[in-house]
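Take a look at the structure below.
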């Protein structure tokens, strides 16, 4: 076996290592064996599925609400804006507290927080099924979003620690985990549609309660013990907790998101005093959070991570994708119910192709992340996104489902799942094991915040065009409000597409000779040396 030259050059610079040839992935590097914390493959598989259900919590809730929204609105006498608050409330609370719970999990342990979150989510879903007013349902959905925020970071953290080294096995696990968000939404629409059609909208919440109670029981057995170092509860730990940064980000995101959600329904719209106050103070607190964490010794979010170009671009592309995906799906389902007068079950059936395609795409993603350039995968994802919303945007009341919506749904899921897989894998690989929960918190905070932002903008567009239809005569007045929201999704997709050329991603989950794949350019030299030293040590041992 040839050993690369690891001696330093006379000027002390890192050694130059050939990057043109390829060698097969070696077991010692890729760590493809079953992690030692699992006693069997069955336990490992069930653990990955349990972790996937953590990220599916809020998505499944949003999907279920989407297909039942018009039925909930009629039963509880809610306006369109109030109906969107059911989803916005959970996104708002989830996005505001994700970083807090991420830090909490990294410092004090992950398993108990994970299991407790699954159980409490089940309990509040049960209670939500008995809600008697729109306000109480909004509040309960906000609490369920809080439980989602407390469950996702520890789930991501345990996954990141268990599958620490790059490997095909890690790709499979994270591909399954990544599927939780889009597939959770889709299966939420299916389960919610069936339950609503057979028993009423309240049954959709009770079904969610049953699903996550079963998940909790499975999780107690399958989730491995958290073997990372934990901090004692004392004054020194509290100083390192970044309490001020936590307060800044919770209230900043909360106020900003509330302003976006309230703007359209306020007495004088966006110029209402409390809406402007929430918007300005929220933005100010988020800016204060960034400045504080740039200075604080133990920041909630290490700001240096944003210097990694691929990290920043991946999250920006993901943000634009989610601003299009979730609101786009919501208004598509609302169009089915209000314009095409479908029942909840019919809506679920028409969304079924998304679920099937989602399963296929995530299987493929797990197989190709370590083989195909992730920049190319991201390009395919954004082209799929853009094509999807262009198709929906040209749909009319008398159009055929098979002409526009069916191909659009296929492309939409392809874009969402491929994009999510690439971004999630890169973000989780960018931070050390001790900060895996915070990494998951950063990732999910971006997703939730931009979802709320997308809902705020699309709700305003919908209401404005509904009151004064002014699009081209190609679209009838009934279709125009929905079309306006879809064109916004097209704009978000195109903006994300324009960022892809600036990515420098290779493959993720395997290593090429002398090249660290899936890392930033700034760290490539150090990683090259590390790979060379590992090979040299192995050769000497041989």
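Backbone N, Cα and C atoms are what each Cβ position is placed from, and that goes for glycine too.
Annotated features, as they stand in TrEMBL:
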COMPBIAS  532-542  compositional bias 'Basic and acidic residues'
DOMAIN    47-508  domain 'Major facilitator superfamily (MFS) profile'
REGION    511-542  region 'Disordered'
TRANSMEM  45-71  transmembrane segment
TRANSMEM  83-101  transmembrane segment
TRANSMEM  113-131  transmembrane segment
TRANSMEM  143-163  transmembrane segment
TRANSMEM  172-191  transmembrane segment
TRANSMEM  203-223  transmembrane segment
TRANSMEM  243-262  transmembrane segment
TRANSMEM  268-292  transmembrane segment
TRANSMEM  313-336  transmembrane segment
TRANSMEM  348-369  transmembrane segment
TRANSMEM  441-462  transmembrane segment
TRANSMEM  482-503  transmembrane segment
Q.
Could you check whether the transmembrane segment (45-71) packs against the transmembrane segment (313-336) - three or more CB pairs closer than 8 Å, residues at least 6 apart in sequence?
A. yes
Q.
Is the transmembrane segment (113-131) in contact with the transmembrane segment (313-336), using at least 3 Cβ pairs under 8 Å (sequence separation of 6 or more) as the test?
A. no
Q: Average the pLDDT scores across the domain 'Major facilitator superfamily (MFS) profile' (47-508) and report the rounded value.
A: 83
Q: May I ask which of the stretches 83-101, 143-163, 268-292, 482-503 has the most CB pairs under 8 A with the transmembrane segment (113-131)?
A: 143-163
Q: Would you mind listing the long-range same-chain contacts of the transmembrane segment (203-223), meaning Cβ under 8 Å and 6+ residues beyond its ends?
A: 43, 46-47, 49-50, 53, 57, 60-61, 64-65, 67-68, 111, 114-115, 118-119, 121-123, 125-126, 128-129, 158, 188, 191-192, 195-196
Q. Hey, would you say the transmembrane segment (83-101) packs against the transmembrane segment (482-503), going by three or more CB pairs under 8 A that are 6+ residues apart?
A. no
